[in-house]
Amino acid sequence: MEIEKITSIIPEAEISQTGETVVKVPAEKLHQIAETLLNDKENPMDFLRDIVGMDWGEEGLGALYLLESTRTGARIILKAVTADREKALLPTVSDLWKTALIKEREVYDFFGICFLNHPDMRRIFLREDWIGYPMRKDYDMNSNPLRMDNEENADMTDEYFLRPDGTLEGRKNVVFGEDDFVVNIGPQHPSTHGVLRMRTSLDGENIRKIDPILGYIHRGIEKMNESLTYPQTLALTDRLDYLSAHQNRHALCMCIEKAAGIEVPERAQYIRTIMDELQRIDSHLLFYSCLVMDMGGLTPFFYGFREREMILDIFEETTGGRLIQNYNMIGGVQADIHPTFQQKVKDFIKHLRSVIQDYHNIFTSNVIADTRLKGVGVLSKEDAISLGCTGGTGRASGWANDVRKHHPYALYNKVDFKEIVYTEGDSFARYMVRMDEIMESCHIIEQLIDNIPEGEFRAKTKPIIKLPEGVFTSSVETSRGEFDVVLESHGDKVPYRLHYRSTGLPLVHAMDTVCRGAKIADLIAIGGTLDFVIPDIDR
Amino acid sequence: MFLDYYNLSPLLMQIHAFLCSVMPEWLALTLEGLVVGVFILVMYAVLAIILIYMERKVCAAFQCRIGPNRVGGKGGLLQVPADVLKILTKEIISLKHSDHFLYALAPFLVILASILTFSCLPWNKGGEILHMNIGIFFVLAASSIGVLGILLAGWSSNSKYTLIGAVRSGAMIISYELSIGLSVLTMVVMSGAMDIQTIVEGQANGWNIFKGHIPAIMAFIIYLIAGNAEANRGPFDLAEAEQELTAGYHTEYSGMHFGFFYLAEYLNLFITAGIATTLFLGGWMPLHIAGLDGLNMVMDYIPGFVWFIGKTFFIVFLLMWIRWTFPRLRIDQVLTLEWKYLMPLSLVVLLLMTVCKVFGLTF
């Protein structure tokens, strides 16, 4: 349907159907097509899921644009290529989707593709004086020896645009002016939930602007993946968002299984779904603990950790790991569940239902907690979609975006559960979404735990897995939003490019929008309710 | 009177007379001053250790934990002394680009304010250290030196975090001093005296909180809230606000310089509770109920300092309970609470108490 619309505008659009449908559009027409798709009446493509930078070698540099309609759930992938490697230029779409503001910076950082008319073309993960673009296939690994000098952050940024005669022109934009009182929140700070740095401009206690600086723990996982075989790539997904370890790995396994045509046994599907939900409860309990601690209440912190410990014990018995479990495998799971697993999970859920009221008594109904959260940090639904804030954050703003409901995978179309949606969009709604989701996850597990069928827990796979050529994607709902895997295969036993959608990157980007005008104390509370995890941003 | 069983002043007078008989009076006074000074400092340190230990155990109980349990037997009794020893051996790091004199002065100002206030507490009958007829006034004056130390610490460290912490603290302490002052004034109206010993002795036939009924109870609650804010403790600990400003105004301090801030914080907690005990719960005065002479006599057998310390620790426990239950307030909420609610309310309470006193409605 969308494809017809595109071909009606530009008949020369190339459509490739290997794996996912990818529509290749000429770079100069990209902005026009994107605008048409966004402003469509009945099926607006208003959610830019991700921009995936690519180096196709001979074909040139470019990017994949993953679009989705929040109204119908229809999805489409656009591909734009520029052949000039020295002066790679693409038009920006940041005026259409705000999330492109940060995602195009990521592509610029790693591929050196300059986005025309993007107001802020700075590097985001790497040092500002980095030489070369590391995700290009011809990048020289020795071009950046370890530097011991400090990095100076410029207060100015560049914007590029084309003159009518086709020459490139630059302009300087101001990030922080002379009279801005800039405080560094991070990279070593107790409440940034990892090594995140936010340059925060203050007016007294009020926040004027936040500029996130990322990459302090970037490990180049996507680059490493290009030299690892498919079973080897699995080891790294648990290290992305370590509080969604099962779900991340589930997504990658699903993507590879879909591409290789591997049928997953029913028993493995049950186990995967239960593990995903246990992981979600684990993550939301930690969210509760961290949020209350960020707000200065240390006692409820221990409540959350007490119950989380029980989940970790259950994980440990079956998988051998507590934080990082390495449990999902291509075609199933690593090992069968422990004989006492079902009983322990049932006992745990019974226990959790009996203590969850304590959580609400000590924090939710506390007058200080209420005044600190209600009406603070409001994110409108339009902003949430435009910024790509998926997961609980988006659902708190009234955007029904649960992948489990709208694009079901594993057993989610067989179980009965509610999608928790609040409309207020403030910190309190974001908090309540997670608290309610704990109970929904319990409900899902209860439907499955007694019905795990007998049989294989893992399908037999070939020792060496080779995927057919094409672009493959899969998406799951992790503990903090939509996690996508985009895999381009050229028929080898290693991926040509394997990209993960970061659930946290749009959330960190949203900090600036949400926090403006709020107080420093609110910044911490809002950061807590947005619930980002840094290793998932710094992949 | 049975009350005089434990009166210390005859004993102290005898000692003074004895010293004066063997040496000139100026020497005797100097010697006594030295002994009392050492006594204050030792008490100060010992109480700090007890309070820190208590905080750890109370906090652990609220958080479903055990608390210190390794160093010094099962109760972990030696944990805090060990920590004190550790902090004494830590290096005091001096900062580049800071105002060295003010930086070094700030912790001493904070601890000085704390010790001066500490010396005014009525430990026992005849056991007061600083005695003057405007004692409670002196307490208010001395305790506000502390904020100067906090502001200087934040300013001289030359760091943005400390500056924000210090400004927060300054705004908060100066605001809450109004409520404290007004609720103290309420009790001064009630007892008709500013001398701490007179206030305590006026409670011989019933503590002020019972005698002053409604206005006294309201003043007590206002005092506890404002005193908690004065002592910079949760939910009013936004000057330190670990999660926002790492450690607030003392971020850049190390070793014993930091130790002074830490010590002063705990002792300020004790002093806040001690003044509350003096004003509302009768100080060292045993529990007396008018008319029940048998009970009053039994109560008199318990020494005054036991009463004082017992009541003070009870209030310290209340304040710890609050700290380990509530999340932190935001700066604008803290100031709203003071200026829009507590301060007008304490003015009303003061008025109410005056009316009660004038028409003889207090017991």
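Heads up, the Cβ atoms here are built off N, Cα and C, so glycines get one too.
Of the listed segments B:6-26, B:174-194, TrEMBL assigns transmembrane segment to B:174-194.
Stretch with the most C-beta contacts under 8 angstroms to the transmembrane segment (B:174-194), considering only B:33-53, B:266-289, B:301-321, B:341-360: B:341-360. With pairs at least 6 apart in sequence, the transmembrane segment (B:130-153) and the transmembrane segment (B:301-321) have fewer than 3 Cβ pairs within the 8 Å limit; the two do not touch. The largest share of C-beta pairs under 8 angstroms with the transmembrane segment (B:266-289) comes from B:101-124, of the ranges B:33-53, B:101-124, B:130-153, B:341-360.
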